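*Asks:* Structure incoming, see below.
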Amino acid sequence: MNAVTPALPAPIGLLAELTHRCPLRCPYCSNPLELDRRSAELDTATWERVLAEAAALGVLHVHLSGGEPTARQDIVAITAACARLGLYSNLITSGVGGALAKLDALSDAGLDHVQLSIQAAEASNAERIGGLRNAQPQKFAFAERVTALGLPLTLNAVIHRGNIGEVPAIIDLAVQLGAKRLEVAHTQYYGWAYVNRAALMPAKPEVDRSIRVVEEARERLKGRLVIDLVVPDYYAKYPKACAGGWGRRLMNVSPTGKVLPCHAAETIPGLEFWHVQDHSLAEIWARSPAFSAYRGTGWMKEPCRSCDRRETDWGGCRCQALALAGDAAATDPACSLSPLHARVQALAVAESALETAPDYRYRTIGGAPAAIPEGVAP
Ligand code: SF4
Ligand code: SF4
């Protein structure tokens, strides 16, 4: 493995958030509430330099993401740069807008993999969730062309109250569309998802049922479809190692060139983020104050500090700790060992029991909602 210093392995993945523009308006979007505008986005030459720096640093995978990455005119040139540099490229796309028109050129440029989002199996529900009419046929046509080109296809479905009953149909759809992999990803409550938490929170029995459905389908579809399951934090026993551990595996470059340890890190006040315009990726990885802030275990408080799992989940998610506990250095309240865990579970039960889910606050550029749900700190 490449190493920046003997003690600091190189990152393996780069999430290139090429733009925040997107034709869809998903209420669970993990993008920040203040979305970057097109006029502030990095230009092609800067992205090509960043990708070259990533390859030199030892990065193996580049996730071309957004927003909708195909909204950029230069997506083919950026993909070609990945191929030239030997970087495995994964296009994370909604499959709508101009995505299909660019797909053949992306394949010719050396694109390695496509991850297509779907909002639900049933078209009217999918289009209600994504906030865009006629999206589903575009997605199906896109998926068909992906497989016709011989590109590996992963389907990603974010699961919440509005589509959790459709998990069996989503699995069937993945098979029908020729996907090799399906991500059944229960909503992570960051960005717009945190604002919409009460509208999205599913009930625990439904979550348990969805997990059983996935486990049964994994057996039934062995050899045809791999199903990844992301379980919901608020009902979990232990948190996930967010981004594989802060500053351990991933770098995230925002549309304007800000480099983040995870896509939600900007929600933590006081962190100093460095920009690709001012520093190389190698400098940022090794020395940026934001990457150093929660790297390793030295920053941890109890109960994480003396916990056997501290180098397994790295204390969970710092952004979730801030949002729920009011302290980014606290144990993630999704952990059953956190003193706040019972309150988190009670909050999830109360929100999921609302007879009528609140209306979605759809993601929009320039439309950040004023009201942010409260956490569970006493
Ligand atoms: S989650 Fe929805 S709105 Fe957000 S980038 Fe993906 S497709 Fe677009
Ligand atoms: S106490 Fe901290 S390290 Fe231990 S399981 Fe919980 S979050 Fe992970």
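The backbone N, Cα and C atoms fix where each Cβ goes, and this holds for glycine too.
Straight out of TrEMBL:
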BINDING   Cys22, Cys26, Cys29  [4Fe-4S] cluster binding site
DOMAIN    8-220  domain 'Radical SAM core'
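I would like each feature placed in context: is it buried or exposed, what are its neighbours, and how far apart are things?
*Replies:* Taking the Cβ of Cys29 ([4Fe-4S] cluster binding site) as reference, residues of its chain lying under 8 Å away and at least six apart in sequence are, in sequence order, Cys22, Gly191, Trp192, Ala193, Arg363.
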*Asks:* Can you list, in sequence order, the residues of the same chain other than Cys22, Cys26, Cys29 whose CB lies within 8 Å of the CB centroid of the [4Fe-4S] cluster site?
*Replies:* Leu24, Arg25, Tyr28, Asn31, Gly67, Ser94, Gly130, Trp192, Arg363
*Asks:* May I ask which residues of the same chain, at least 6 positions away in sequence, place their Cβ under 8 angstroms from the Cβ of Cys26 ([4Fe-4S] cluster binding site)?
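*Replies:* Listed in sequence order, they are Ser117, Gln119, Ile129, Gly130, Gly131, Val158, Trp192, Tyr362, Arg363.
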*Asks:* Count the other Cβ atoms sitting within 10 Å of the Cβ of Cys22 ([4Fe-4S] cluster binding site), across every protein chain shown.
*Replies:* 24
